[in-house]
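I have placed the structure first, in the form of structure tokens, so that the comments after it can refer back to it.
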């Protein structure tokens, strides 16, 4: 099967509190042969801005991320599993974890919630049947998916995505200093390829995830702005780009571990069109 070919028999599995244990058992088996994990999250937007003086634009971007991730809760996590050839496991390839979220008690940006609601996210069900993040973290830590150098993470403009995962896994606020954030990131996720960061070496590729997918002639499975579908599309985009622009080989020294808009990837945040990182935080990808 060619890399990133769409097969409509691939299924996205919805995970709630009631089936979390069973699905994590399945994932422990899947990760053994399918060690590329494409990831996306849905979260309730941006509600705060950091105040004070900042050493650089990069520092401001991290502090913006930190204050919002500390204040807010993750809503969904999508994980798609693929192998070195970009092939999916038989049956289910994508797991969409739905976390406990309460519109009455939890903070959010109104426009983000409206977007997610229109995308089909069922907030009443999240309130009643959502996964507790601390229990998820316990299972995830022993799943073979994190803390493993053999697992390769694929993402798209993913500072916030990894921010929420680190917050869940450490059960604490994010570090005050960006360098400490990247040290924790490398511990949990030793190998990361951010597709948006890779795009700087891909002539004519531009825009958010949906726009990039259309340029690569990829067909989405499932609804946009849901984490499962977005993670699946991210994985497809990575393998198509690797084939088209990188001759099926990514230079780890140049690309591995860089997140678009943070740290060494921060110089690509602003290209004359305003603050791209805040746009991503509001899920305009």
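The backbone N, Cα and C atoms fix where each Cβ goes, and this holds for glycine too.
According to Swiss-Prot, the feature divalent metal cation 1 binding site maps to 40, 161, 278. Residues or ranges marked as divalent metal cation 2 binding site in Swiss-Prot (evidence: similarity to another entry): 40, 42, 230.
Neighbour counts were taken at the CB atom with a 10 A radius for the binding-site residues 161, 230; the maximum falls on 230.
In the three-state DSSP reading, residue 230 (divalent metal cation 2 binding site) counts as helix.
Residue 161 (divalent metal cation 1 binding site) falls within a helix when secondary structure is assigned with DSSP.
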